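According to TrEMBL, the protein has these features:
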type	residues	note
TRANSMEM	33-52	transmembrane segment
TRANSMEM	72-90	transmembrane segment
TRANSMEM	102-125	transmembrane segment
TRANSMEM	146-165	transmembrane segment
TRANSMEM	208-231	transmembrane segment
TRANSMEM	258-276	transmembrane segment
TRANSMEM	297-322	transmembrane segment
TRANSMEM	357-381	transmembrane segment
TRANSMEM	401-421	transmembrane segment
TRANSMEM	427-451	transmembrane segment
TRANSMEM	458-481	transmembrane segment
TRANSMEM	530-554	transmembrane segment
Amino acid sequence: MSEGLPSGYREPVYKGDYSFNTGKLHQFTWVDYMIFAAVLAISSGIGVFHAIKDRKKNLDNYLMAGRKMNPIPVGLSLLASFMSAITLLGNPAEVYLYSIMYFWIALGYFLCIAGASHIYLPMFYQLQVTSAYEYLERRFSRGVRTAASLVFVLQSILYMAIVLYAPSLALNAVTGFTLWGSVVAIGCIATLYTAFGGMKAVLFADSFQVLMMMTALLAVLIKGGMVVGGLGPAWESLKRTNRYIWDDTTVDPSDRHTVWSLSIGGYFTWVAIFGVNQTQVQRAVTTPSLTKAKIAMWMNFPGKCFILFLCCFIGIYMSAFYENCDPIKAKFISDSNQVLPMFVMDVLSDQQGLPGLFIAGLFSGALSTLSSGLNSLSAAVYKDVISLYWKNKISDRSGRILSIVIVIIFGAILLGLAYVASLLGNVLQAALSLFGIIGGPLLGVFTLGMFFPWANYIGAFCGLFGSLIFLFWIGVGAAVYTPPNLKAFHYIHNCNLSVLSNGTIASMFSNVTKVYDTGAPAYDLYRLSYIYYSMTAVLTTVVIGLVVSFITGYTKPKDVNPRLICPFFDIIFPFCLLPECIRKPLRFGIVHTGVYGEPEKVEDDKVKHEHVESYLNLALEVDEKQEKLDLTKIGTDLIAADKFHTKL
């Protein structure tokens, strides 16, 4: 293929009222605005409904929905929480900028859901946690729990800032709607219905929003395929533009996307989210049984694959449509994350309402992620910081009010951080890099505790922060000295030059088919593929944690509560098929009792103990109203709490 500008026109040529023919972007009609507003109103209405319905419920109901949720809305909420506008914008842009290699992430999804469902989730479910970081206190120390929770807070607010900014940028590009006006509007809506509606509002709003996302993607896929002429012409376009790369099996960790990086690296990246992230754990344990929690978790595999395939095929059609007039080079848009919204307006603008439906789906993804994240931040900060250190001074009612205030504060912080997100470029890579750099060390410290009984709290501290520092060094270095990445060919020879400025035309003709997007970085370590960040972080955490633990006095396996160690070789295929004579020494002296993941009765007593204070506060309120109080019930719970502490 020629490296210069080809002369004349070449197929495919699309004639019609498209941006590259007219030089103008299509705009929303009043019907689009109506549909967009209706979706936001419905999401807000769900929050208002549950705020009114559950206004008298206790803190556990606010944070955990009473732990009696049906697995279907829980599964949809798990899917929506991290299938945000970043996925909807980033996956098609990935195909457009690079190739179709990203399809392989589906294998990473499968491994992730299997690991999260059968290794990590049973541990949290049997402990009946509200915050995932409660495990770290029981395994290591209170300090490790608080430190990990604060690291999660940092990860969440940075990620949600990207989620908040990305759809606002898209809306601004295709409708002219003010960028920061939409940032503020979406941020406020998500904050308010999360703050007052609690977990139930989040779960049901997420369920509605994920269905909106899928509907919007289907509309774009069907119409895009009709305009391009089907999958055949689109596939030929992939070959002409160097996007037909799907079988890269090299083991070089510096290659951006390969079969191995997307499957193995993808597993570590996503299990850090589905396995130990507070946002996902908190939702999973709202179900009444471990079996239903696993059902909710496994619903995510077909759901994630369905959204992945929709996005990638839209990216294929989008690449074919703009094969001969790259909208970025033609200066119609300024960012790769705006290509999909422009494509939507080009191919759907003749159908009033459909562009509005797509943008509504885009913002539904943002709302679901923001609401889930804010709710989890509230639980983490309240349980791991405020309640942990000032528990005796906070009533159940005050705890709920505090949780609402925390949501509102973090919502305000997100609006400020959205500006930072505007500087990060490709939203998909930025988000997944963030999961690896910050989420990876968190996965590492949980893995250290669950699989290595010799680790102590000093090792956990050193492993967590040592890994964070190491990964931040790599991440910042890669951002400053961006590694060379093979890009697709982007042409401009079918653009209507008569509608473009002289400056735009001059820039279009320079370096038309640039293959690599930058030069070599200063250090080889900066070349590490971002998809390997999480795996690198886990290995670093475990190595540092074990070395420090043995130096400072390792924990003897017999002194560790067996319910805090995962019986890996007894539950994971094919190791569980090994004879007992082989599996016994692999337990390192730890005797596992009961079914892994099933709560013991002592845990029920613990739950009762945690509600004793609520009963006492109720007693004071009832006494003020001169009503009768069941003192026998309170006495029973106090005795149960005392027995629990005796057992410990």
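Even glycines carry a Cβ here, placed using N, Cα and C.
Quantities reported herein were computed from a predicted structural model and do not represent experimental measurements.
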Surrounding residues of the transmembrane segment (427-451) on its own chain - C-beta under 8 Å, 6+ positions past either end: 86-87, 89-91, 93-94, 119-120, 123, 132, 135-136, 139-140, 144, 148, 151-152, 154-155, 158-159, 162-163, 166, 268-273, 275-277, 337, 421, 459-460, 463-465, 467-468, 471-472, 474-475, 478, 530-542, 545-546, 564-566, 568
Sequence-remote partners of the transmembrane segment (208-231) [C-beta within less than 8 Å, at least six residues beyond its ends]: 12, 14, 39, 42-43, 46, 76-77, 79-80, 83, 88, 303, 306-307, 310-311, 313-314, 316-318, 320-321, 340, 343-344, 347-348, 351, 354, 357-358, 360-362, 364-365, 367-368
Stretch-level contact, the transmembrane segment (33-52) and the transmembrane segment (357-381), CB cutoff 8 A, at least 3 pairs: yes
Contact yes or no, the transmembrane segment (102-125) and the transmembrane segment (458-481), 3+ Cβ pairs under 8 Å, gap 6+: no
Range from 72-90, 357-381, 458-481, 530-554 with most C-beta pairs under 8 A to the transmembrane segment (146-165): 357-381
Annotated stretches the transmembrane segment (357-381) and the transmembrane segment (530-554) touching (3 or more Cβ pairs under 8 Å): no
Same-chain residue ranges lying at least 6 outside the transmembrane segment (530-554) that approach it to Cβ under 8 Å: 253, 256-257, 261-262, 264-266, 268-269, 272, 429, 432-433, 435-437, 439-441, 443-445, 447-448, 452, 454-456, 458-460, 462-464, 466-468, 470-471, 474-475, 478
